[in-house]
Amino acid sequence: MEEKQILCVGLVVLDVISLVDKYPKEDSEIRCLSQRWQRGGNASNSCTVLSLLGAPCAFMGSMAPGHVAFLVADFRRRGVDVSQVAWQSKGDTPSSCCIINNSNGNRTIVLHDTSLPDVSATDFEKVDLTQFKWIHIEGRNASEQVKMLQRIDTHNTRQPPEQKIRVSVEVEKPQEELFQLFGYGDVVFVSKDVAKHLGFQSAEAALRGLYGRVRKGAVLVCAWAEEGADALGPDDKLFHSDAFPPPRVVDTLGAGDTFNASVIFSLSQGRSMQEALRFGCQVAGKKCGLQGFDGIV
């Protein structure tokens, strides 16, 4: 029987990436070392990583005329199923200008988040849930995404344990509307930015302070850059993995998406939370030593 897919729901962006010797001063002109187009967006990047790791995966997000040919071709080149894409007749596919500092790998992003509508609960109603073993949702239009998550919950109540879809949610941006998503999903990824916005100064403090927001039995995960990542589960056991920095950091764009995808992949393969956390940090660390995603495995 064909292996079920992992579905990632969220954003796809055209990233125009300029690699520079050092970050430019305002009102200056510099030459870049190189420039490339790259398919970006959190859910889109996570699909790239899942596919590179060997997982059958699909992307669901909104797309519109514009840079679509490049983006769709790149999804297909990576073996990512785009049959769930919500095609929009109005608006433009988002794009971003990304500047990567070659001296330290830091990335600065200027996003043109266009008027393109996000995937709606109505769009999600058309999805055949039986195709998927795991669905990951990048927090965006939370009120609609709650309806999507409730649909998955309803579907799962009618399934035997081995057929239930596992669900993960990413709360990355410090926006109040997104915080309702904490209450959904078997695995919830909360970002360092959100944790600091809510007053926490470490991953462990964030997990202990926010765990009361997640559903019974869920695992809350927080990556903290060079300090590694922590996870907290229902038995109050804290897991930790150190970071695995590369010999030289060259490109951190998409490192968080790489971490999330690697944790999801590992858990979907039946690994323990400790193993998944370590694997996520290892793959994300390797990615930081590479331009783009090729070579992470």
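Each Cβ is built from the backbone N, Cα and C atoms, and glycine gets one as well.
Record features (Swiss-Prot):
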- ASP15, GLY41, ASN42, ASN45, ASP257: beta-D-fructose binding site (BINDING)
- ARG107, ALA225, GLU226, GLU227, GLY228, GLY254, ALA255, GLY256, ASP257: ATP binding site (BINDING)
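Annotated features, which come from Swiss-Prot, shown on the structure.
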residue: ASP15; record: beta-D-fructose binding site; CB count, 10 Å: 23
residue: GLY41; record: beta-D-fructose binding site; CB count, 10 Å: 26
residue: ASN42; record: beta-D-fructose binding site; CB count, 10 Å: 26
residue: ASN45; record: beta-D-fructose binding site; CB count, 10 Å: 29
residue: ARG107; record: ATP binding site; CB count, 10 Å: 16
residue: GLU226; record: ATP binding site; CB count, 10 Å: 10
residue: GLY228; record: ATP binding site; CB count, 10 Å: 20
residue: ALA255; record: ATP binding site; CB count, 10 Å: 21
residue: ASP257; record: beta-D-fructose binding site; CB count, 10 Å: 27
Cα of GLY228 (ATP binding site) to Cα of ASP257 (beta-D-fructose binding site), in Å and rounded, measures 14
Restricting the comparison to the binding-site residues ARG107, GLU226, ALA255, which residue's C-alpha is spatially nearest the C-alpha of ASP15 (beta-D-fructose binding site)?
ARG107
GLU226 (ATP binding site) and ASP257 (beta-D-fructose binding site), distance between Cα atoms, whole Å:
15
Going by Cα-Cα distance, pick out whichever of the binding-site residues ARG107, GLU226, ALA255 is nearest to ASN45 (beta-D-fructose binding site).
ALA255
Site extent for beta-D-fructose (largest Cα pair distance over ASP15, GLY41, ASN42, ASN45, ASP257, Å):
15
What Cα-Cα separation, expressed in whole Å, is found between ASN42 (beta-D-fructose binding site) and ALA255 (ATP binding site)?
10
Could you measure between ARG107 (ATP binding site) and GLY41 (beta-D-fructose binding site) for me? Cα positions, answer in whole angstrom.
14
